[in-house]
Amino acid sequence: MKIRIDIPHHPYDIQIEKGCMAQAGQWLRELWQPQKVVIVTDNHVASLYAEKVKLSLEDAGFQVAVFDFLEGEERKNLTTVQKVYEFLVKQGLTRSDGIVALGGGVVGDLAGFVASTYMRGIHFVQIPTSLTAQVDSSIGGKTGVNTPFAKNMVGTFAQPDGVLIDPLVLETLGKRELIEGMGEVIKYGLIEDPELWALLTGLNGSVESILEHAETLIEHSCQVKRKMVVEDELDNGIRLYLNFGHTIGHAIEATAGYGKVMHGEAVAMGMVQISKVAEEKGLMPAGITQSITEMCQKFGLPVDYENWEVGKLYQALTHDKKARGNTLKLVLVPELGSATIHPVSLEEMKDYLVK
């Protein structure tokens with residue numbers, strides 16, 4: 001299946017097909033002329049797929065080198081970026097060459113940032129290998145790295161030339177790594193897609209059920225992301241809906257220490273906490289927090305952060321990228337399948353941190 005991201009200045013396709021990673025070279029040959037390519041990945045993904053993708057690209061006429069770094073959210077920083085820059089220079093990459101981001105969200109965010117800044121921007125594509133990356137982070141052009149202060153604090157908007165999604169690679173994920181991706185899938189059902197929510201309701205929550213329906217879950221999620229990115233590429237309006245659960249979720253990730261709490265886990269806890277307080281304030285319908293909680297728990301996602309410290313979380317919130325002056329744009333769900341922006345002051349945001 002192809003989903004067109006029809007952004008006027010940089011349209012591209014998301015290709016979703018079981019087994020398509022084996023044809024990565026042919027796919028890229030249709031996008032780029034033969035040239036130098038650097039595959040940016042982490043050491044874990046490299047051990048599984050780097051050689052396979054490298055050979056496919058070489059068969060299609062590309063000159064290929066591989067750069068891998070130690071896996072983990074804690075490596076998504078400017079130190080790693082500098083190492084990639086140095087590797088690209090040594091390989092002689094020019095503005096006519098490109099980067100293939102092969103991996104999960106950490107790899108995709110970092111490689112995209114490198115591509116968008118190296119020589120003021122070179123071409124790149126995404127081949128996401130985690131559920132979170134396949135349904136969310138590989139699509140839409142947000143790139144970035146973390147700082148000690150906040151997640152994704154340094155970044156750019158830079159669209160890839162294409163996204164290649166092979167649902168079969170999810171079978172090599174660990175249980176926790178697969179399940180955390182469901183945090184984003186559940187979010188899509190809540191903010192935009194009641195049909196997806198109904199599908200999730202019908203699943204039993206097992207790993208087997210996720211893998212069996214992975215292609216459909218990915219397609220639904222990508223369609224929601226497509227709609228919001230096309231209408232609002234630079235995150236000033238409807239695209240903000242995608243941040244449901246992320247305001248508190250990112251604060252949890254930052255205060256826990258990057259890599260301790262996975263992104264989808266933090267989003268799940270953020271959605272539950274925001275909904276609980278918003279429901280108490282009459283801003284979200286009665287019973288919706290219970291529905292969200294039960295859905296997250298069914299798939300094995302955490303719903304409560306055990307190291308909850310209001311002071312530290314609030315400090316992290318002050319660095320939120322959605323803040324404008326002393327106001328945060330909080331995303332709420334007034335009804336299933338619909339989202340809205342609710343501006344709150346940073347002071348009022350403290351209410352949403354009360355357990």
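Each Cβ is built from the backbone N, Cα and C atoms, and glycine gets one as well.
Record features (Swiss-Prot):
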BINDING   71-76, 105-109, 129-130, Lys142, Lys151  NAD(+) binding site
BINDING   Glu184, His246, His263  Zn(2+) binding site
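Sequence features annotated in Swiss-Prot and their locations in the structure.
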{"residue": "Glu71", "record": "NAD(+) binding site", "CB count, 10 Å": "18"}
{"residue": "Glu73", "record": "NAD(+) binding site", "CB count, 10 Å": "20"}
{"residue": "Arg75", "record": "NAD(+) binding site", "CB count, 10 Å": "20"}
{"residue": "Gly105", "record": "NAD(+) binding site", "CB count, 10 Å": "24"}
{"residue": "Val107", "record": "NAD(+) binding site", "CB count, 10 Å": "31"}
{"residue": "Asp109", "record": "NAD(+) binding site", "CB count, 10 Å": "25"}
{"residue": "Ser130", "record": "NAD(+) binding site", "CB count, 10 Å": "27"}
{"residue": "Lys151", "record": "NAD(+) binding site", "CB count, 10 Å": "26"}
{"residue": "Glu184", "record": "Zn(2+) binding site", "CB count, 10 Å": "26"}
{"residue": "His246", "record": "Zn(2+) binding site", "CB count, 10 Å": "26"}
Nearest of the binding-site residues (Glu184, His246, His263) to Glu71 (NAD(+) binding site), judged by Cα-Cα distance:
His263
Using C-alpha atoms only, work out the spacing between Val107 (NAD(+) binding site) and His246 (Zn(2+) binding site) and round it to an integer in Å.
20
Inter-residue C-alpha distance, Glu184 (Zn(2+) binding site) and Gly105 (NAD(+) binding site) (nearest angstrom)
12
Please report the number of other Cβ atoms within 10 Å of the Cβ of His263 (Zn(2+) binding site).
27
Taking only the Cα atoms, work out how far Glu73 (NAD(+) binding site) lies from His263 (Zn(2+) binding site), in Å, as a whole number.
9
Around the Zn(2+) site (Glu184, His246, His263), what further same-chain residues have their C-beta within 8 angstroms of the site's C-beta centre?
Thr132, Asp136, Gly183, Lys187, Gly245, Gly249, Gly264, Ala266, Val267
Whole-number Å distance between the CA of His246 (Zn(2+) binding site) and the CA of Lys151 (NAD(+) binding site)?
10
